[in-house]
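Per TrEMBL, active site, proton donor is recorded for Y148. According to TrEMBL, the feature active site, proton acceptor maps to K219. Residues annotated as (S)-malate binding site in TrEMBL: R201, N469, N514. Residues annotated as divalent metal cation binding site in TrEMBL: E290, D291, D314. Here TrEMBL flags 125-305 as domain 'Malic enzyme N-terminal'. The feature domain 'Malic enzyme NAD-binding' is assigned by TrEMBL to 315-583.
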Amino acid sequence: MSHFKSPLRLSTSLIRQLKQRVRMGSNPLQSHSRSFTSIEGHRPVIVHKRSLDILHDPWFNKGTSFSITERDRLDLRGLLPPNVMTSDQQIERFMADLKTLEHKARDGPSDPNALAMWRILNRLHDRNETMYYKVLIAKIAEYAPIVYTPTVGLVCQNYGGLFRRPRGMYFSAEDRGEMMSMVYNWPADQVDMIVVTDGSRILGLGDLGVQGIGIAIGKLDLYVAAAGINPQRVLPVMIDVGTDNEKLLKDPLYLGLQRHRLDGDEYLAVIDEFMEAVFTRWPHVIVQFEDFQSKWAFKLLQRYRNTFRMFNDDVQGTAGVAIAGLLGAVRAQGSQMIDFPKQKIVVAGAGSAGIGVLNAARKTMARMLGNNEHAFVSAGRQFWVVDANGLITDERENVDPEARPFARKSKEIHRQGLREGASLVEVVQQVKPDVLLGLSAVGGLFSKEVLEALRGSTSTRPAIFAMSNPTNNAECTPEEAFSIVGDNVVFASGSPFKDVDLGNGHIGHCNQGNNMYLFPGIGLGTLLSGSRVISDGMLQVAAECLAAYMTDEEVLKGVIYPSISSIRDITKKVAVAVIKEALDEDLAEGYREMDARELRKLNQEEIEEYVQNNMWSPEYPTLVYKKE
């Protein structure tokens, strides 16, 4: 493979175009009392269509909210009911309709009902994007589980039957040699964020082939709702290199390539060509890799991360959210975050997510211990990793290279009464860990025996992280954790669960360690800083920002993650932290009118204002027709 030259630096012509942009309001570069005009602010939008064409375009359709003036200007008079409604009235009408459908659903909050909710929201998305995102932002805690985990897993499994309107782009093994021209088929001249998957490991559901595009669509909905990325500048992508799912290979209605997956150099050639193509057309774009099987997740991350603006959410995002939760668990025990290196952690699962968390946790511990070689070695002794074959030790043959650094020394574990391949129950009994961390994708793995063993923990407040998605793959439920281990346990999961009533007015808090706490802020901060790459330091400060978001009073109650309803505020704070770290590491190159030199002049409050003003909000723009 040829070594990629970094395409991230702006060309002279592009810099000239940016400088020639018309600035709105006061100059954002004034040295005193800066006023940052929003790039995503309200300005008239020129459209080249009228009449029914506008009503059928979800990017511009306002439905009954078109003013009388606009109806005349766009030849809409008579095509809509005469009463002009506000966007709030539209949402009220939509919600009333939705609640009626929910009330009529016979099976309650079951999977079929969740899919019905997804269909209703998707139809709104198809006809009116602005209103869709207005609803999603207003009801984010309620609808995030519908557009994202856990329902998105069900959507991907059934995507062939749910497919109605194309959304995103598909690059396949049959498109080799054509991708550079294909990217110009996408109508947007600007794309800020791409989420790409090859469908090989969707959540904990395995290989879903081309149907995995549902996860990319769902993630980008959250980038819009949480980070305010303009929906006209996001792009979900599926790279179809075949599937090893025998059911899909035999399904006559399957929408993807019906061939076994490419492997080795052939596979890499497809991904390489895709990366070259998208960064050639959109040099400033950020690419988030999503749900690639472990075999490729780490290899692709190492292959591209120093050349392209990209990150892998399963490896790095999951790790960051887990680190924030682990630091929160330390605080919940009444200790300081600096005491994290003392925690004994048993990890169940050694896939891409598990190894990603292990690497990040060890780096965090090592930095707290002095950030030298001795600290790194010392931090590694705090982890016991159990996979499908039991405890991983240096006696294990053919151990995954990514997991090898965490293999326990056989002499050491023999003194603890353990051996190579020891079961999870045995490891928990002997280690008496502070934290039991599940990233196994095996539902119910934290059995009654495992949880009973955790009662012997040396911690005053043991923590259980059942992080696997979707809900059916969670290693245990909160009810099991609190009833078996005790009321004082700290519990977190990857999918949403309801809090548990412990009686006597006490609540067992169920913390959802959702990646959406971090990846929108990482993406937004990277975009607005113009950082050349996404560094470990940027990811680390994002995790620490999330860990510090909760008050001492909240963490002592066992609340270690904030409410999803606060997601835009959380995202803004994470983005600010990422921008500051990019500046500290001298990676920032600025964004649009705000170049790196001016960005460095901003204080904390001004960076927050800069971020806020660049977050898109779902408001109907004024439309002006102009003939092409």
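The count begins at 1 with the first shown residue.
Cβ atoms here come from the backbone N, Cα and C positions, even for glycine.
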Message = List the recorded positions among Y148, K219, E290, D291 whose C-alpha is within 10 Å of the C-alpha of R201 ((S)-malate binding site), in sequence order, or say none.
response = E290, D291
Inquiry  = Of E290, D314, N469, which is closest to the residue listed as 'active site, proton donor' if I measure between C-alpha atoms? They're all binding-site residues.
reply    = N469
Task = List nothing but the largest Cα to Cα distance in Å, as a whole number, among the residues R201, N469, N514 that the record says bind (S)-malate.
result = 18
Inquiry  = On a C-alpha basis, identify the one among K219, N469, N514 that is nearest to E290 (divalent metal cation binding site); the candidates are the recorded positions.
reply    = K219
Request  = Between the Cα atoms of N514 ((S)-malate binding site) and D314 (divalent metal cation binding site), find the distance and write it as a whole number of Å.
outcome  = 11
Query = Taking the Cβ of D314 (divalent metal cation binding site) as the centre, how many other Cβ atoms fall within a 10 Å radius?
reply = 25
Inquiry  = I need the neighbours of the divalent metal cation site defined by E290, D291, D314. Which other residues of that chain put their C-beta within 8 angstroms of the C-beta centroid, in sequence order?
reply    = T197, R201, I202, I215, F289, F292, A297, N312, D313
Key: Averaged pLDDT, computed only over the residues in the domain 'Malic enzyme N-terminal' (125-305)   = 94
Query = Using Cα coordinates, what distance in whole Å links D314 (divalent metal cation binding site) and K219 (active site, proton acceptor)?
reply = 12
Task = Can you grab the distance from K219 (active site, proton acceptor) over to D291 (divalent metal cation binding site)? Cα atoms, rounded to a whole Å.
result = 11
Request  = Taking only the Cα atoms, work out how far D291 (divalent metal cation binding site) lies from N469 ((S)-malate binding site), in Å, as a whole number.
outcome  = 12
Message = Return the count of C-beta atoms lying within 10 angstroms of the C-beta of D291 (divalent metal cation binding site), excluding that atom itself.
response = 25
Request  = Let me know how many other Cβ atoms fall within 10 Å of the Cβ of the residue listed as 'active site, proton acceptor'.
outcome  = 27
Task = Restricting to the same chain and to sequence separations of six or more, state which residues have a Cβ under 8 Å from that of N469 ((S)-malate binding site).
result = T149, P150, G153, L203, G204, A441, G494, S495
